[in-house]
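These notes concern the structure reproduced below.
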Amino acid sequence: MATLIHTLADHSDDVNYCAFSSSCLATCSLDKTIRVYSLSNFTELPYSPLKGHTYAVHCCCFSPSGRVLASCSTDGTTVLWDARDGRRLAVLEQPRASPVRVCRFSPEATYLLSGAADSSVVLWNMQSLKLYRSGNVKGGSVVACAFSPNGNFFVTGSSSGDLTIWDDKMRCLYNEKAHDLGVTCCDISSHPVSDSENGFKYFQMASCGQDNQIKLWLILFADFLGVELKYKCTLNGHSAPVLACAFSCDGQMIVSGSVDKYVIIYETSTGNTLHTLSQHTRYVTTCAFAPHSPLLATGSMDKTVHIWQLDLRQPCAGDTVENESKVAVEDWSEDDVSAWLCAQDLADFVGLFKMNNIDGKELLNLTKESLANELKIESLGQRSKVLQKIEELRMTMISVSVPVPDEFLCPITRELMNDPVIATDGYSYEREAMENWIINRRSSPMTNLPLHSLMLTPNRTLKMAISRWLETQQK
């Protein structure tokens, strides 16, 4: 059972990432801020929100000790913050000032890795706070990364679909075309698994992508043998691009979030679905397990972060009926409705609903009047709670939104363009974002080359195409 215990709704724009330390939860957003919460009561810490980035914050992560928080942004920087008082410790500028999409500390906090939109990968020395090594993936933006448990190797994922394995000397050791339409996230479990063929210890890695898939891999990190990557299986639970994936600390579960608005928790060993969570109303962009408690955080373009309490006991048969995305609600039996009530913490109403023969179709037709007059639920608070859960269920039945075509998104803000203009680099941008960009920079956000002119020309053709696309979505 996964129970929603708290919702954070402080960000004013899309939530891009969330990360746990042993005592805190950090979230970051398109609204340019990072917010930090105490895990004891989910209140925001006094120094939060952290402000300093001038554009969207794409990723945040804690150092292994939890004392340092890193955040990276479209503004081309990775900022280090003191997680105890919110002081800004350092600003690390990506080479060529390219938008930074992802950052991660190595397990011993020796390095901080940052990956950017111009294909660059940088290892920063955390003692000197200087650039240690840098390299480039073959193509596309670097959008995902994960360190091996010993910190001697790391994996990057790119928008071109490649997973690349590197050592800490920034040597490219292996490259795999993993997701045809682009990688979106990857994670490595810290718990090894044995390969019965040769006895070596492999670690499990998960990757997800625009192809709607989550792939599980076995990866061998060995200084004397090199590295090896073996495909294990594919998890096909989502019906739209998968934007996030993460292992639980014991490696026994993996969670994913998708454009289809669902969060799915799988059992790693079998690939079976344990829970499907449907409370977000827009794309799920991030998900993370807490390191030392049975908590899960999920963030979304609906501007919220949900905190879930996980029941780590062996799941019962009724728990899997929570996966309402796989069965048409109208076709639910009375037993399916009973299982759904249990999953929504409404078990007290199981007998009442069965007595009144409430199946899926009847459930969707319930109103405040029928709850009061026919089912005789006297408490206004209880009626409101049931109606709220039914409304959430109805929301899950709305057809999955079509992803916004990438060419309609501003490369700077990654938001749908309203007033697209063409710069002299040949690329189109949102006018306001590009005007703000060239105030401080005279280079292209896409190529980092100097702009021959600061002239911005309205892209009327693109604006008309965006308008037509929006009209089709409103029908």
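Counting starts with 1 at the first residue shown.
In case you wondered, yes, glycine gets a Cβ from its N, Cα and C as well.
Residue counts for the repeat 'WD' (50-91) under DSSP, split into helix (H, G, I), strand (E, B) and coil, are 0 helix, 24 strand, 18 coil. Annotated repeat 'WD' per TrEMBL: 50-91 (among others), in sequence order.
According to TrEMBL, the feature repeat 'WD' maps to 93-134 (among others). Taken as a whole, the repeat 'WD' (93-134) shows an average pLDDT of 95 in this prediction.
The repeat 'WD' feature in TrEMBL is assigned to 142-167 (among others). Within the chain, the repeat 'WD' (142-167) has long-range Cβ neighbours (under 8 A, six or more residues past its boundaries) at 101-108, 110-111, 113, 115-117, 119-121, 135, 173-188, 190, 192, 203, 205, 207, 209, 217, 219, 221, 223, 227, 229.
For 235-276 (among others), the entry in TrEMBL reads repeat 'WD'. Mapped onto DSSP classes, the repeat 'WD' (235-276) shows 0 helix, 22 strand, 20 coil.
The repeat 'WD' annotation in TrEMBL covers 277-311 (among others).
Under the heading domain 'SAM', TrEMBL lists 332-396.
Annotation comment: TrEMBL describes 403-475 as domain 'U-box'.
Shown for the domain 'SAM' (332-396): DSSP residue counts in helix, strand and coil, namely 47 helix, 0 strand, 18 coil.
Only residues 6 or more beyond the boundaries of the repeat 'WD' (50-91), in the same chain, are considered here, and those with a CB under 8 A from a CB of the stretch are 13, 16-24, 26-36, 97-105, 107-109, 112, 114, 116, 124, 126, 129, 412-414, 433, 436. Listed by sequence, the residues of this chain that lie at least six past the ends of the repeat 'WD' (277-311) yet keep a Cβ under 8 A from its Cβ atoms are 1-9, 11-22, 25, 27, 29, 39, 42, 243-249, 253, 255-259, 261-265, 322, 324-325, 392-393, 395-396, 401.
Helix, strand and coil content of the domain 'U-box' (403-475), in residues and according to DSSP, is 28 helix, 12 strand, 33 coil. Counting same-chain residues at least six beyond the ends of the repeat 'WD' (93-134), those with a Cβ under 8 angstroms from any Cβ of the stretch are 55, 58-65, 68, 70-78, 80, 140-147, 149-151, 154, 156, 158, 166, 168-170, 190, 411-412, 441, 443, 445-448.
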